[in-house]
Amino acid sequence: MSNSLDRLERKLGYTFKDRDLMVLALTHRSYAGRNNERLEFLGDAILNFVIGEALFHHFPQAREGQLSRLRARLVKGETLALLARGFEVGDYLRLGSGELKSGGFRRESILADAMEALIGAIYLDTGMDSARERIIAWLGPQLRELTPVDTNKDPKTRLQEFLQSRGCDLPRYEVVDIQGEPHCRTFFVDCEVALLSDKTHGHGGSRRIAEQVAAAAALVALGVENGHD
């Protein structure tokens, strides 16, 4: 196991002083004993801060909503899982037998969670400077490729990317009413998001427009956007 972890450390570009932290970061909740969920929680907070700080300095003219959307792109599960696959993190995960048999070492959510846990472990091992250095090294190429133009997406796409970055279910849209004559209808849509206790609402001349309005309202309710971006 020790030699195996040596290889992973070389891929990560970081050598742990406390190897137990590394092992814990690679331990899924399906495995007996302690698991990486607390480290994942810590790593998620550190990742969001470091990327937010980097974007703040990298895009001095970008608005708050733009910065939030750019950050969501960088910290979403898909991006983290891609990193994990590049480092072959799945080969080093400790999984319960059921999760192992079902291919958990390939699952996007498990890989993304492990990357966040590793960030948390690095922070506890040698501090914030080390965690920041590794995050920027890992995500630097994606960061340099971003432009504020990348935020010019419709509200439904922005909401979906934000929720995916938090590991949440996708929003659900429901047409609750249609008013007016066939040639001049108004659609009323509810948007249900797991992170919100109340549904948001939108209306417009088509179902698509109504869904976009409801999604925009959800982004404001979540505090991701202020309604003026």
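Yeah, the Cβs are placed from backbone N, Cα and C, and that goes for glycine too.
Secondary structure at Asp44 (active site), as computed by DSSP, is helix. The active site feature in Swiss-Prot is assigned to Asp44 (among others).
Cβ neighbour count for Glu116 (active site): 27 (other Cβ atoms within 10 Å of its Cβ, all protein chains included). Residues or ranges marked as active site in Swiss-Prot: Glu116 (among others).
Residues or ranges marked as Mg(2+) binding site in Swiss-Prot (evidence: sequence analysis): Glu40, Asp113, Glu116.
Taken from Swiss-Prot, the feature domain 'RNase III' applies to 5-127.
The domain 'DRBM' feature in Swiss-Prot is assigned to 154-224; the stated evidence is sequence analysis.
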Would you mind reading off the Cα separation of Glu40 (Mg(2+) binding site) from Glu116 (active site), to the nearest angstrom?
-> 5
Whole-number Å distance separating the Cα atoms of Asp44 (active site) and Asp113 (Mg(2+) binding site) is 9
Could you say whether, by DSSP, Glu116 (active site) belongs to a helix, a strand or a coil region?
-> helix
Of Asp44, Asp113 (the recorded positions), the residue whose Cβ has the fewest other Cβ atoms within 10 Å | Asp44
